[in-house]
Structures are given as structure tokens and as C-alpha cells.
Amino acid sequence: QKWMFRGLWPTSMAHTGLQTGDMRLAGGKRSHEGRVEVYIAGVWGTVCDDGWDIKEAIVVCRHLNFPSAREAVDGGRYGPGQGPIYLDELNCLGTETDLTKCESSGLGISDCKHAEDAGVVCASGKMYSTKKPVELFVEHSTTISGFLGELFESGRDCDLILSVVVENSTVETICAHKLILSLVPSWSSEANLSIEVSSKCQPHVAYFVRYLYTGRMNITMTSSHCLHKLASEWGLKALQEEVGKLLILLLPEDATFQAQSSLFDYAVSMDDGALQQSCLRYMAWNCEALVASPAWTGLSVHAIKGLLSRTDLTVPSEYFVIQALEKWEDAQGKALGSGDQFDLLKLIRFPMVSAEDLNRLKDSRYQAGKLEGFQFNALTIGNLFGELMSNWKSYTPRIYTGKPWSYTFTSEEVSVFKKTSLYPKGLNHGELAFTFRTPVHNSAYFALFGDIGWYTRLFVKSDECSYSSTRVCPSAKLSLENGNSALPELYKNAIVYKNKIVIRCDGRYVSHIQDFKHPQEDTTIQPNHGSGQVYPCRSDEYSYTMVIRPKYRTGLNYTEVEEE
């Protein structure tokens with residue numbers, strides 16, 4: 001029987017300043033690793049490693065003000081602890097504020113020995129404060145919401161009983177009013193209704209029903225999964241969308257990508273398209289780390305198709321995408337049908353693969369794709385006009401961060417420059433700037449014209465922006481060294497550049513990707529110290545990768561094909 005610790009012990013101990021549920025790490029050589037110890041009613045104890053995985057580790061590390069968890073450690077590495085073994089068979093969501101909020105076999109109920117004491121290795125980056133939990137206040141209310149809230153809480157004149165059912169047993173009844181609930185899209189006119197939930201969600205049901213009266217709710221990380229599911233089941237799209245916004249804040253927390261994969265599968269089961277796209281976008285932007293994680297080979301066919309369909313897939317090269325797909329297919333074995341395999345192969349952009357990498361592909365299933373790629377590497381755009389019009393997406397680059405298509409200012413280089421105005425790789429003293437060269441394209445035909453030069457600069461210091469009335473720090477510039485004259489005359493109107501800046505938070509994950517809309521002008525970088533980013537960053541340390549993306553105009557008057 002799963003059990004949730006709730007209010008059985010005093011929540012604080014005045015003489016120590018510690019609270020029940022507080023945690024510490026012991027036995028480690030560094031401050032961000034060690035055996036997990038939990039404080040309950042004045043006594044420190046340990047946690048058994050049965051059921052211990054990355055989600056439990058995330059709860060511990062975030063509670064201790066570390067950015068996230070690197071590893072969930074089984075017993076033994078940090079030695080045996082002392083005192084009670086408080087928690088066993090933990091099953092956390094990863095959003096809880098401490099381990100006592102997670103499902104477990106019960107406080108103090110364990111068949112483990114101290115040799116099985118669990119540990120963690122936390123991310124060692126800049127700590128952040130969790131004293132103020134992440135919350136989202138939602139209000140979809142009318143002027144009488146306060147009166148309706150009082151009506152719900154009083155239970156006066158209720159004519160409907162809602163039964164809260166956990167594992168086929170009624171654990172709670174809620175007094176409600178048919179008139180109020182009749183306004184809900186999924187309302188049934190039955191005299192009594194059952195709301196089936198898990199034991200984790202049961203504490204949030206009454207709060208959810210109160211929202212049906214008032215249109216007001218304070219959503220926390222702990223309640224977000226449950227409230228999203230209830231909102232979906234009751235057809236409350238506005239609430240579902242708002243809770244989905246909070247759920248995406250969780251995406252950067254798990255370096256193993258298990259949480260992101262699970263959240264995507266959950267979004268599919270709930271038919272929540274917006275949440276699916278948020279999960280896919282995060283995984284696409286961080287695809288290189290995803291492929292290296294244990295979650296990659298466990299992704300569904302649906303998720304893989306969704307990722308390979310995206311133009312914002314951020315990878316070193318298209319050949320990397322082929323290798324990643326082969327790794328995933330090998331793990332599926334005979335479970336992968338030939339139809340799915342064919343569909344996935346069609347999503348590879350073979351014209352974006354260099355001739356050298358195309359030649360490495362020996363499997364016969366690549367023959368058609370290799371032909372398409374070799375044609376693009378050898379022929380002019382004019383000769384490929386029909387192909388470009390009928391299959392334009394194959395000729396659209398993704399976001400390729402490998403050489404020769406990108407240049408990166410690392411977070412360490414940016415930090416040093418802010419302090420010293422020094423950038424040893426740069427052109428001029430006092431400028432965070434660089435020049436680099438790319439081919440017009442990978443193709444042998446374009447190689448005849450040589451490569452072209454690019455100039456890029458970051459403006460990250462206030463004195464760099466103070467002399468310009470239009471520049472806002474941080475800003476970036478990425479432009480052709482000699483303007484459009486750098487392109488071969490024949491292709492000035494055939495190639496257009498849709499360049500990107502990829503912003504990585506603290507060297508850990510891509511938190512934002514932005515367009516360079518005006519090549520000869522500065523581009524203000526919107527995510528400044530965490531504000532405006534698609535995926536939040538709790539650090540003020542960023543790396544910036546400038547990515548060159550040539551696109552090809554295909555109409556008789558060179559009308560550009562737009563991305564999806």
C-alpha cells in the first residue's frame with residue numbers, strides 16, 4: 001500500500017531551525033554529492049535505495065539549492081548511515097519540495113539495511129534559491145468569485161455528492177451544487193459523480209472543484225500533473241493550457257531526459273498538442289544530449305517521427321541524425337515494422353549530408369537518399385529546380401552546430417571578457433568578436449567559388465552599449481564580411497541566409513534559439529538573465545553559438561519557400 005507522509009510530526013523544531021523533511025548530504029568528497037539524510041522530528045535518518053532513481057535525486061538536489069541532479073546513487077558508495085531508515089520504495093514525480101511529499105512504503109517502514117542507503121550526485125553549477133517555490137496564479141473569474149468560494153466551503157444547500165475514488169475505494173466525498181457544475185463542458189446530469197484519481201492526486205481534488213466555482217487557483221509544481229489531468233478530463237482547456245505552461249518549467253531539470261520522455265507520452269495520452277510540441281521542441285533543441293542519454297532508445301516511434309520532422313532540430317550535422325536513428329532502430333529490433341522504418345528514412349534530409357558522409361552509408365536502404373544527396377552536391381540549383389519545388393523540405397537545413405557552419409562564444413570566454421575586456425581569439429582589443437569562413441554549401445559545385453567570410457560580435461558589457469542609442473545589451477551581430485558581394489554573382493538571388501543564435505544555459509542545455517533577422521544590424525538577445533526565454537535558466541552564465549543556415553529560393557522569380 002503506497003502512502004504519503006502528511007502532518008504526522010511537527011513541521012519545525014524551534015531550537016534548531018530545521019524542519020521536518022529537510023535534507024543533507026553526508027559521506028561525499030565534494031559538497032554536491034553524498035548519502036542522502038532526512039530530518040524527521042529532531043532525528044536524522046537515511047533513505048533506502050529500493051526504487052531510487054533520477055526523479056528522487058532531482059527532488060533532493062533542488063531542495064538543497066543545486067541546479068539539478070546528475071546521478072542517483074545506490075547504497076554503498078558513500079558508506080552506511082546511522083539512525084532510522086525513514087523512507088523506502090519511493091516514487092517521486094520530481095516536482096516535490098522534499099522526499100516526504102513523495103509516495104513511499106510509509107514513514108519508517110523499510111526492510112533495508114544501512115548498506116542500502118541511497119545517495120546522489122548533484123549538478124555542481126551555480127546554486128539557486130528554492131525558498132520561494134515556483135508557482136503560477138491562475139484567475140479565470142467573475143466579480144462574484146469570492147461569494148462562490150464561500151458557498152463551496154460552507155457546503156450550504158448542496159444537491160450533489162462527488163465521490164473521490166482511489167484504487168476502487170471512496171476516500172473522500174465533496175458537497176457540490178448542480179447549477180455550478182452544469183457550466184462545466186463535461187458535466188453529466190447524474191445525481192452523484194465519481195472522480196477517480198491516484199493517491200498522489202487525491203489531496204488536490206477539492207481544490208480543483210473549488211476552481212470550478214471561483215475560476216481561481218494557485219498551481220504549484222507538486223499539484224501541476226494532477227491538475228493538468230483533471231482539467232483535461234473535465235474539458236477545461238483554459239486551465240489545461242495554463243498548467244501546461246508550468247509543466248514546461250520542469251523540462252530542463254532532468255539531464256537523463258526520462259522526465260521529458262514521460263511528459264511527452266503523457267501529453268499524447270491527454271491529447272494535449274501544445275504540451276506535446278513544448279516537449280518535442282525542448283528535445284529537438286537539446287538533441288545531441290538526448291541521443292547520448294538512456295532515454296533516447298526508449299522513445300516511441302511517434303516521438304522519433306516528431307523530432308525528425310522538425311527544422312529546428314539542433315544537431316552537429318545531418319549525418320549525426322542518421323547515426324542517431326540507426327542507434328534507436330538497433331534498440332527496437334524486430335519490434336520496429338518495415339513501414340515505420342520507411343517513414344523514418346523519408347525524414348532524413350540527404351541533400352544536407354556532405355559527399356564524404358554520403359559515401360560512408362553502405363546499407364542498401366540508403367541508395368535513393370544517397371542519389372538525392374549526390375545530385376545536390378554535384379548539380380546547380382537551376383538543374384535541380386523541379387526537385388527543389390517538389391521536395392523543398394529535404395533542401396532546408398536544420399540547425400547544424402558542427403563545423404563549418406557555426407562558431408561558439410563559450411560561457412567561460414564571455415565571463416572573462418566581462419571582467420577583463422580580453423578575448424585572445426578576437427580581432428581587436430576590447431571586442432568580443434571573431435571572423436570565420438563557411439562554404440556556400442557542402443556541394444562540390446559551390447566549392448568552385450571558394451568559401452565566404454562571416455563577422456560575428458557579442459555586446460555584453462554596458463559600456464559597449466552606452467554609446468549607441470539603439471543597442472541593448474546583450475546583443476549580437478552576424479553578417480557577411482563583404483556584404484552580399486561575398487556570394488557568387490549567379491547565386492545572389494538564389495541563396496538566402498536564415499541564421500540563428502543558439503543560447504545555452506550554464507553549459508547544460510539550450511534554453512533559447514533566436515533569429516538574426518537583419519544581417520547588417522545588431523540583434524537584441526531577448527533572454528537576459530532568464531527573462532523571455534522559452535525554457536528558463538536559473539543561471540546568468542550563457543554560451544552563444546552563431547549558426548549559418550543557407551536556404552534556397554526555387555521559383556521562376558526566386559520566391560522563397562517558407563519553413564513549417
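Even glycines carry a Cβ here, placed using N, Cα and C.
C122 is paired in TrEMBL with C61, the candidate among C48, C61, C175 named as its disulfide partner.
The record in TrEMBL lists a disulphide bond between C48 and one of C92, C102, C112, namely C112. Within the set C102, C158, TrEMBL assigns C102 as the partner of C92, by disulphide bond. Between the disulfide-bonded residues C48, C92, C102, C112, C122, the minimum number of other C-beta atoms within 10 Å of a residue's C-beta occurs at C112.
C102 (disulfide bond) has C61 as its nearest neighbour among the disulfide-bonded residues C61, C112, C122, going by CA to CA distance.
Closest to C48 (disulfide bond) by Cα-Cα distance, out of the disulfide-bonded residues C61, C92, C122, is C92.
The distance from the Cα of C92 (disulfide bond) to the Cα of C112 (disulfide bond) comes to 19 Å.
Sequence-distant contacts (6 or more apart, same chain, Cβ under 8 Å) of C61 (disulfide bond) comprise H32, P67, S68, A69, V120, C122, A123.
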